[in-house]
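The structure under discussion appears below in the form of structure tokens.
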Amino acid sequence: MASKKLHGRDFYNKIGRPKRILAPMVDQSELPWRILARRSGADLCYSPMFHSRLFGESEDYRNKVFSTRTIPEERPLIIQFCGNDPEIMLKAAKIAAPYCDAVDVNLGCPQGIAKKGKYGSFLQENWNLIESIITKLHTELSIPVTAKIRIFPDPQKTLDYAKMILKAGASILAVHGRLREQKGHFTGIADWEQIQMLRKNLPSETVLFANGNILHAQDIDRCIKYTGVDGVLSAEGSLYNPRIFLPPSSPLMTLYPRIDDMCEEYLNIIREFKLESDYSSLSAIKGHLFKLMRPLLSIHTDIRSKLAQGCTPRDFETFPPVVAMLRKRLLECEEKGEINEDKDVKESVKDSMGYPVIPWWRVQPYIRPLEVPLVTKRKPVEVTADEGPVKKKVNASVA
């Protein structure tokens, strides 16, 4: 039995009452990206999702997916595991415990690999197993256990599910306001109504995080105001603009930095901590740069080709030349007048949702066409841009 440890709101208070949080992802919330997120305003970060069996059994796997470097600004940190065996998950969690503040159980992954491996959201029909996993970690780990879930179509079932997980011992419950079927082209709009319902019906001491519909920095505050949650996670939104965690009152040019500056800052973090040869830190570098550069790649296709064909994921030195090429190109565009103050982001120029119009040379959210899976059987809802879950004429979705 583990010694007495903080739980629930006491634990949340101890780690600084985080409100702006980098969500767990598959591969893409690795060490240098977490540092970038923290320097961009994130109060708490999750690790990528790790496979509990492989993490517990294979030192080679651990070295490939997780850096044990001691970096003060890396805390607080929650390490997330997927799996379906309480003993195996406990073994992995005990190995991770010295390097984090809590361990999270992934109950939300909707991907095919999770279905095949019987983990993530594909455990949500097996409440007894979930309860046994949470209870095992809660009673035998030296640090708290948390959980991240998706919602059910029936709000009452979502509430009962949340109560079961909390009763089993979860200190924090992160709720992605989408169904298991809402993924890929069918990501759709996250349901803030259900998250608000959980806040109203769970005990006040419950620490609740929300996930979904975070496109811009101001969406974090809107979500907290609308749902009443303690903190908000951003996954995909943070990949396209790490500054999403900054206070929304920050200058627009700070909230939406130039793409070349953002890419250079990311590469400099890898250099600063001498991670050029760290396998786990380089695994997602090409994907990160593609997302940061997305607004301009359809215009400057040679840069896209250079990044796609001229860069080797595990060879750090192949990436700086692409960023240098990008910087040179933007300087040339400035000289030609294609980039100038008149065309830049302004407080006075808003889109139909009330967000700033961002030019192609600045990082910005990815607007995905909205397709809702038939399984949801929901009617369209309308909400204004200053309250509620971003639904009015929204031709977009983002995690």
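Note: Cβ is positioned from N, Cα and C throughout, glycine not excepted.
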**OP:** Look at the FMN binding annotation in Swiss-Prot, where P24, M25, V26, Q80, K148, N211, G212, N213, A235, E236 are given, and name the residue from H176, H288, H300 listed for that site too.
**Re:** H176
Original post:
Going along the chain, which residues six or more apart from V26 (FMN binding site) have their CB under 8 A from its CB?
Top reply: P48, M49, C109, Q111
Original post:
How many angstrom lie between the most widely spaced Cα atoms of the FMN binders P24, M25, V26, Q80, K148, H176, N211, G212, N213, A235, E236?
Top reply: 22
